[in-house]
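**Q** Look at TrEMBL and you will find 1-30 tagged as region 'Disordered'. Residues or ranges marked as transmembrane segment by TrEMBL: 139-161, 167-192, 204-224, 230-249, 270-288.
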């Protein structure tokens, strides 16, 4: 058996050399650009050197500045094109709500018969935001109600073992298409009736979107109490929404500008208001009857 050179053949005692330290698991690169044994740079040193060299290169700085200017110019173009079709400031007005307004508006949509003053309030010829005026239309409640309706439709279909992503997408797209068609029909009616008012597309979209609140209540009641409860809730929410739409469009939107108009024009305005109100129960029923069985 061979022995190490540091020991005698007969067990003579010699001092052994200490074993070298094990190599570290990770190279220490905190010192920047270091040289490993053999003349090679340490891992990561070339990356730091290249980054520093790139940042100090005038050409790279010019290229980065040029890229930033292009990005800023593209952002300005996007904002400009967006403002051509959608006024962001007007859109913010319809989402200026708070918790108190939402609670009161939901109560007004469900029970509007005791409400007396339907006039939209103004301050220096500028309408007050919804959080300061209960009669002002908003888009927050229609948006949240639409999302809730889609989720509730999925739950109702799931309870009845009829859920599928395709059916849920069909419910959402159908509800959205009906609202768009209703808004377009109202815009056409306002144009044909030559109604001079401050009604905009956002106003009509808000009034048309309030029906989702009644749809949610009808479906929930149908899921809890069956088809009989559904039809009772449908009748109540439909009549409440008809009254709300008729009073809102007639008093808040069309009333001030229709004063003094010729009698035929006033009749056209009245027919337009009543037609928009009478159309609400049909859409509510069409979009909810298949969810309750």
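Positions of Cβ are set from backbone N, Cα and C atoms, glycine also.
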**Q** Grab the same-chain neighbours of the transmembrane segment (139-161) for me: Cβ-Cβ under 8 Å, and only residues 6 or more beyond its ends, written as numbers and ranges.
**A** 91, 94-95, 97, 102, 105-106, 109, 130, 167-168, 171-172, 175-176, 202, 205-206, 208-210, 212-213, 215-216, 219-220, 223, 287, 291-293
**Q** Which bits of the chain, at least 6 residues beyond where the transmembrane segment (204-224) starts or stops, bring a Cβ under 8 A of a Cβ in it?
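**A** Sequence-remote neighbours of the transmembrane segment (204-224) are 94, 106, 109-110, 137-139, 141-143, 145-146, 148-149, 152-153, 156, 159, 175, 179, 182-183, 186-187, 230, 232-234, 237-238, 240-241, 244-245, 248-249, 276, 280, 283-284, 287-288, 291-292.
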